[in-house]
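Worksheet: one structure, shown below.
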């Protein structure tokens, strides 16, 4: 049986002090709810890079992820953080190509591919994000857009070492969400375009109310969660599937 994976994406939230407070509370609540969490579940939080050192306060099975990384190995790239630096801090996952990176920082599929290659080279698992805008969705171009992103973002990539996260852009932080059936349809398409054993996550207004239905879909292996991962109690509810 393949692992189920839940990754919380904190985006640009929480100070270093607030992050330490989160882990202190999480450690206790995890102990209280440990028996409700499926042993086949892997889970992580993607912190702002400046807060990664606070992860040392974690004493649970929780893994460490980041929200971005450099496409370059090392050198004169002011402000960048390399995969080697992240690996040295025990980072397991790197979110790559999130729609906010593509939208606000003009990241291209070429950039995403280069970062993905760097992550794999340094034994970090890349979580490559794909998804369509509201305009593309309404124009019924979802499959076309996803196919193009997959083709270019995953060019020459070993698919056994990558995770793909489908996040319909129109459902990120909007309170809207694709129905489990809609999400399944696109994730099934992603699997058809890639590899039958690929790990596929769904993201986009995932909450404790809808996560179980989403994870019951045949081609959804986990979730990439935004706002619901920022509070200890709601994150624990996600891990226990609201039990």
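Using the three backbone atoms N, Cα and C, a Cβ is placed for every residue, glycine included.
According to Swiss-Prot, the substrate binding site annotation covers 9, 10, 11, 173, 205, 226, 227. Long-range Cβ contacts of residue 9 (substrate binding site) within its own chain (separation 6+, distance under 8 Å): 46, 65, 67, 95, 98, 203, 224, 225, 226, 229. Annotation note: residue 9 (substrate binding site) sits in a strand segment as assigned by DSSP.
For residue 98 (active site, electrophile), the Cβ neighbour count at a 10 Å cut-off comes to 27, with all displayed protein chains included. If you look up Swiss-Prot, you'll see 98 marked as active site, electrophile, on the strength of sequence analysis.
The secondary structure of residue 167 (active site, proton acceptor), as reduced to three states from DSSP, is coil rather than helix or strand. The Cβ of residue 167 (active site, proton acceptor) has 26 other Cβ atoms within 10 Å, all protein chains considered. Per Swiss-Prot, the feature active site, proton acceptor maps to 167; the stated evidence is sequence analysis.
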Cα separation, residue 167 (active site, proton acceptor) to residue 227 (substrate binding site) (Å, whole number):
14
Taking every pair from 9, 10, 11, 173, 205, 226, 227, which the record gives as binding substrate, the longest CA to CA distance in angstrom is 14
Anything within 10 Å of residue 167 (active site, proton acceptor)? Look among the binding-site residues 10, 11, 173, 205, comparing CA atoms, and list what you find.
205
Across 173, 226, 227, listed as binding-site residues, the smallest other-CB tally within 10 A is for 173
